[in-house]
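Enquirer: Before anything else, here's the structure in question.
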C-alpha cells in the first residue's frame, strides 16, 4: 500500500465539516486569566516571556507603532502555540496550510502599507525610487520596487508554511524508516530513533523561531511605515 506523505496536512473533518476553527481556538485556552492575587508558575512564565518579547520587538517603534503591541503579541502567541500543538501525536498544524498563512499575512501587511501611505505619504512613495537613480533606470526600478512590495505578504506566508511543512515531513519520513528498520537491524533502528529525537527537539525550536520571525517581519514593515 502506497502511503501518502501529505495525508497529515489534510484538514480533519467531522461529518464533512471542517474542524479547523476548533483547532485554531484551542491554543487560546492555554492562556488562562489569573483569578488569584498571586499567579502560579505557569502564569509567571507566560508573563515573563510576553514582557521579554514585547520589550525586544517594540523598542524601535514610536508611539503610533506601539499601538500594535497587543495585536503583535497575540499573533506570536497564536502561531507559536499552534506550531507546538501540531507536534503532538494525532494532531493537526493549521500553519502548514498556505491559505491560512496568507490570510494572516495579507491583512497585516496591508494595514502597515495603508498606515504608511496615510501618515507618511512622501516617505512611502520615496521607497519606490531611491535617491540618485539615473533617469533611464527610473521606470525599471519603480516596477521592481512595486513587485517587491507586493511580494512581502507572499514571502511571509511561504516562509512559515515551508519551514513547518518541511520539518513535519522529515519527522514523518524518519519515523517511518525507524519502524521499518525494527525488524531488520536493531543498531540502525537505535541510531534512527536518536536522530528522530534530536530532530524533534530541533522542530520545537523551529516552531517558536518561525513564530518570532513572522511577527518580527510584520513589526519591521510597521516600523518602516510609521
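For all residues, glycine too, the Cβ spot is worked out from N, Cα and C.
Whatever TrEMBL says is automated annotation, not expert-curated.
Not my notes, these are from TrEMBL:
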TRANSMEM  6-31  transmembrane segment
TRANSMEM  67-92  transmembrane segment
TRANSMEM  98-117  transmembrane segment
TRANSMEM  137-157  transmembrane segment
TRANSMEM  169-188  transmembrane segment
TRANSMEM  195-222  transmembrane segment
Enquirer: Where else in the chain does the transmembrane segment (98-117) make close Cβ contacts, counting only residues six or more beyond its ends and a cut-off under 8 Å?
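Expert: Residues 20, 64, 75, 123-125, 149, 152-154, 156-158, 160-161, 214, 218, 221-222, 224-226 contact the transmembrane segment (98-117) from elsewhere in the chain.
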Enquirer: Of the listed stretches 137-157, 169-188, 195-222, which one has the most C-beta pairs under 8 A with the transmembrane segment (67-92)?
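Expert: So the stretch in question is 195-222.
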Enquirer: Going along the chain, which residues at least six beyond the ends of the transmembrane segment (137-157) come within the CB cut-off of under 8 Å?
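Expert: Same-chain contacts beyond the ends: 98, 101-102, 104-106, 108-110, 113, 127-130, 214, 217-218, 221.
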Enquirer: Please indicate, using numbers and ranges, the residues of the same chain that are 6 or more beyond the transmembrane segment (195-222) and have a C-beta under 8 Å from a C-beta there.
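Expert: Contacts with the transmembrane segment (195-222): 53, 57-58, 61, 65, 68, 72, 75-77, 79-80, 83-84, 86-87, 95, 105, 108-109, 112-113, 115, 152, 156, 159-160, 163-164, 167-168, 170-171, 174-175, 178.
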